[in-house]
Amino acid sequence: MTKRQSGKEQSLPAVKDEDEASQFVDSNQVATGTKPREFWPHHTDFVLSCVGYAVGFGSIWRFPYLCYKNGGGAFLIPYIICMVVCGVPLFYMELAIAQFSGASPLALWEIFPLLKGVGWGMIVISGLVCIYYNIILTWVIYYLARSFAARVPWSTCSNWWNTCNCTETEALYFGNFTDANATDGREFAWPGNTRCNLTGPIAVNLSQTASDEFWRYNALQQSSGITDLGGIHWGLFFSLAFAWLIIFACVFKGVKSVGKVVYFTATSPYVFLFILLVRNAMLPGSWRGVKFYIKPVWSKLANLDIWHEAALQVFFSLGPAWGGLITMASFNKFKNNCYRDSIIVPAINCLTSIFGGFVIFSVIGFMAQQTNKEVEDVVAKGPGLVFVVYPEAIAQMPLAPLWAVLFFLMLITIGVDSQFGMFETMTSSFIDEFPNQLRKYKTPFVAAMCLLEFLLGLPLVTRGGIYLFTIFDWFIGTFALCIIALLEIIAIFYIYGIRRFLNDIESMLGHRPGYFWVAMWCCVTPLALVLILVSIAVNFTNPVLENYKFPPGSLVFGWLLGSISVAVIPIVAAYRIYKVGKGSFLERVRFLMKPTPNWGPQQSCVSTGPEAVKMLPA
């Protein structure tokens, strides 16, 4: 008897509760000696894992920057609208289909075998993002290690890495400049640097802050360009190794170990953020940054770019089409209320981004006050906000090392659960695809995958690694994610069928989704994805890293990286058409557009006992 037969009823077990349901295993697994698939020990483990996966580095540096760029509080309007019409429907869809089938991103495509390449595309994206996402964690670990000092090293210009252009954001003076009342925050060169023989203030257009020089010439030891990778930065090498050891320790036992870790990694960032917000609120000028953050510029809403940016932020922060949500939901028990989870997690993610904006902009207001600049002149994009602007502000606080340690610990806890969510997507997919070979060797396999990802990340900890990082970040997961999400919608709602999908949800939750969700899934969300794709194509520009112009060869490399996850879809489809082995081309395609006999509810719910609960017909 197959797991699912179209048009026929299928039995589900008569169980008293979810804990009893979780004890059912696949009879084939028992016969072959394969270990059964795991479940989340507690529902809270799953929710916290989803929250940790969704709330990542982008909530701390990308969201505040987008608010600054797109009209402050006005940006929240398109952000929330895009969350409702695009983010949450995709989130609900992936949670429901994965929980129903109990399948990872590869096994899930028994629903539509022709598009199994979509599952492989998710694996490719997650694998590539894991490489460079862990580099951010590497930088954070490096900064954390350097924070354990009497004085944070990015606060002065008297270090071996500083140049003659280094300035400290204090009223420093030298030579015959002796005005003791000069405390207006002007920047002057630091005379303690033995390589400088200047006797007057550095020109503003040449100056670099101490934190900027620490980032460039110590943390990165930045080379002249992508063609000059230089040698390995050994400080980052060991930080990268430590980062992967953390990931291995979190995931080597699957959901059992992840479920324990997330109680700390998903909750502690809020403690750190609250402590930092209270501290920042007491800084002079913090109100300037907060006012800039929440004050809406309504005229920005007429600009299509703000809607484009809001849609991308929602799409990338919630994580649909990456495979991580499917992986985590596949470990749910069959009767879990995935509808409730699909509302709670996006809401927490949205509120966290807004809350993080207050933390960041309060310190930006402080920096604007200290340097006599406007708030918009202090804001930096991406890594510069976290590794230059915020550390510079910390350097001016009393007990600077303490606040530095708290800040970078917060970043580690925010980043690590997003990372192991993507990493678990890869490992679980391979283990589900090859259960007889891998499931009983899960720990060695996870260790081997960590080692492989570590080795692939080594070029990014060279002195030219920041240029490679920019290429990875710019090209991976932009248009590819939108294409994958669009194909998911087509496969599930137009080929498999919206009625079947609604029946599947009813079998889990006891009720069918309403007309709102049908309208979102079948019309509004796919239209929004098409518009996002068009917007990406129209507004795409070459990667930017300050004033550096990337050579053509690096752009070709970037396009290859970004295209792999999409190219694998037709390649796998062609392979599966070939493997069918009989019939005309169209007959093979039609055959592969139908669910396989293995498609259906997760094995924990399959039973043929006399007291079985009948499943709704497809």
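Glycine is no exception: its Cβ is also placed from the backbone N, Cα and C atoms.
Quantities reported herein were computed from a predicted structural model and do not represent experimental measurements.
For Cys157, the disulfide partner named by TrEMBL from the candidate list Cys164, Cys166 is Cys166. Using a 10 Å radius centred on the Cβ of Ser418 (Na(+) binding site) and all shown protein chains, the other Cβ atoms total 27. In this structure, the C-alpha atom of Ala54 (Na(+) binding site) lies 38 angstrom from that of Cys166 (disulfide bond). For the transmembrane segment (76-97), the partner stretch with the highest count of Cβ pairs under 8 angstroms, out of 46-64, 343-368, 400-423, 515-536, is 515-536. Counting Cβ pairs under 8 Å that are 6 or more residues apart, the transmembrane segment (515-536) and the transmembrane segment (400-423) reach fewer than 3 and are not in contact. Between the transmembrane segment (310-331) and the listed ranges 46-64, 343-368, 400-423, 444-462, the one holding the most Cβ pairs under 8 Å is 46-64. Within 10 Å of Cys157 (disulfide bond), counting CA to CA, the binding-site residues Gly52, Val55, Asn349, Ser418 contribute nothing. Looking at Ser418 (Na(+) binding site) and Cys166 (disulfide bond), their Cα atoms lie 36 Å from each other. Under the criterion of 3 or more C-beta pairs below 8 Å, with sequence separation of 6 or more, the transmembrane segment (118-145) and the transmembrane segment (343-368) do not qualify as touching, having fewer than 3 such pairs.
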